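Visitor: One structure is given below, represented as structure tokens, and several questions about it will come after.
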Amino acid sequence: MNNSSKLCRKTSFPRSNIFCNLVDKIVKRPSLQFLGQWGYHCYEPRIYRTLAKILRYVDLDGFDILLTDYIAFVEKSGHRFELNFNLEFTEICVNTILYWVFARKGNPDFVELLLKKTKDYVQDRSCSLALIWRTFTPVYCPSPLSGITPLLYVAQTRQSNILKILLQYGILEREKNPINIVLTILLYPSRVRIMVDHELIDIQEDAKTCLMLCSRVLSTISVREIETQLSLGRRPIIQNWLDYIPPTRYKDPCELVHLCRITIRTQLLANNMLPNGIFSLLIPTRLQNFLNLES
């Protein structure tokens with residue numbers, strides 16, 4: 001028996017683990033019996049096909065199981081695989097999962113479940129289980145090295161319903177340069193959108209909603225940076241874009257109530273309590289909804 005297969009069985013799982021089984025299938029192939037022969041071209045197609053078959057038809061319960069298996073697989077990496085294989089295997093798995101969740105399904109429920117399941121890891125960007133910070137390729141290709149993060153992809157496609165969920169979980173507040181997300185929403189060239197009920201969503205209306213959502217998170221939005229980009233010849237998706245950025249984000253004093261929202265959310269974010277921690281606060285429901293970016 002192959003050493004890697006033996007080591008995989010050393011880790012005890014309460015039931016059959018999707019990813020452990022997938023490794024077993026890979027290492028049983030005669031062409032992969034020697035570690036030196038392992039490489040993307042050898043096993044990537046099998047990983048993608050296996051996970052794609054699951055993700056294409058999976059419901060929320062099934063997706064919950066898949067994420068649980070992946071977390072258990074990574075956390076209990078007593079498998080002791082060759083380092084390069086371990087990194088490449090998990091990289092392909094993450095690329096495939098994010099591709100199907102964000103680029104193929106575009107379902108807010110799946111996005112929220114992914115955030116809930118990996119919430120404990122999001123504060124450490126280097127953690128392999130902080131999936132929301134990993135990159136993927138929107139047009140699928142084996143390597144995500146030239147990919148983008150889910151937040152940037154959602155900004156490019158102006159999926160306002162998914163952006164709202166990401167913002168509620170504090171993903172924009174964790175960005176080093178959040179203005180880049182605003183610039184992407186406003187200036188990224190439009191392209192074919194995900195179809196919902198076989199109807200194409202009005203991209204301009206979604207862009208307006210995305211700008212409004214960002215204004216609920218940020219205290220300032222640099223109009224100067226936007227105008228600089230426009231002076232270089234870039235064209236905004238919304239012609240009257242300034243109408244959708246509150247004056248209190250770029251010229252007038254910021255509202256006190258919004259500053260309070262930012263302060264409370266920042267404290268909750270520091271303790272990894274967004275958004276659930278909002279609803280444990282002993283305040284009226286209307287204020288809870290305000291903190292949760294509903295208005």
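Glycine is treated like the rest: Cβ placed from N, Cα and C.
Swiss-Prot feature annotations, pasted as is:
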type: DOMAIN; residues: 243-295; note: domain 'SOCS box'
type: REPEAT; residues: 146-176; note: repeat 'ANK'
Visitor: What are the helix, strand and coil residue counts for the domain 'SOCS box' (243-295) according to DSSP?
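Guide: DSSP classes over the domain 'SOCS box' (243-295) add up to 32 helix, 0 strand, 21 coil.
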Visitor: Take the repeat 'ANK' (146-176) and count its residues per DSSP category (helix H/G/I, strand E/B, coil), listing them in that order.
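Guide: Counts, helix then strand then coil: 18 helix, 1 strand, 12 coil.
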Visitor: On average, what pLDDT score does this prediction assign to the repeat 'ANK' (146-176)?
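Guide: Here the mean pLDDT over the repeat 'ANK' (146-176) amounts to 96.
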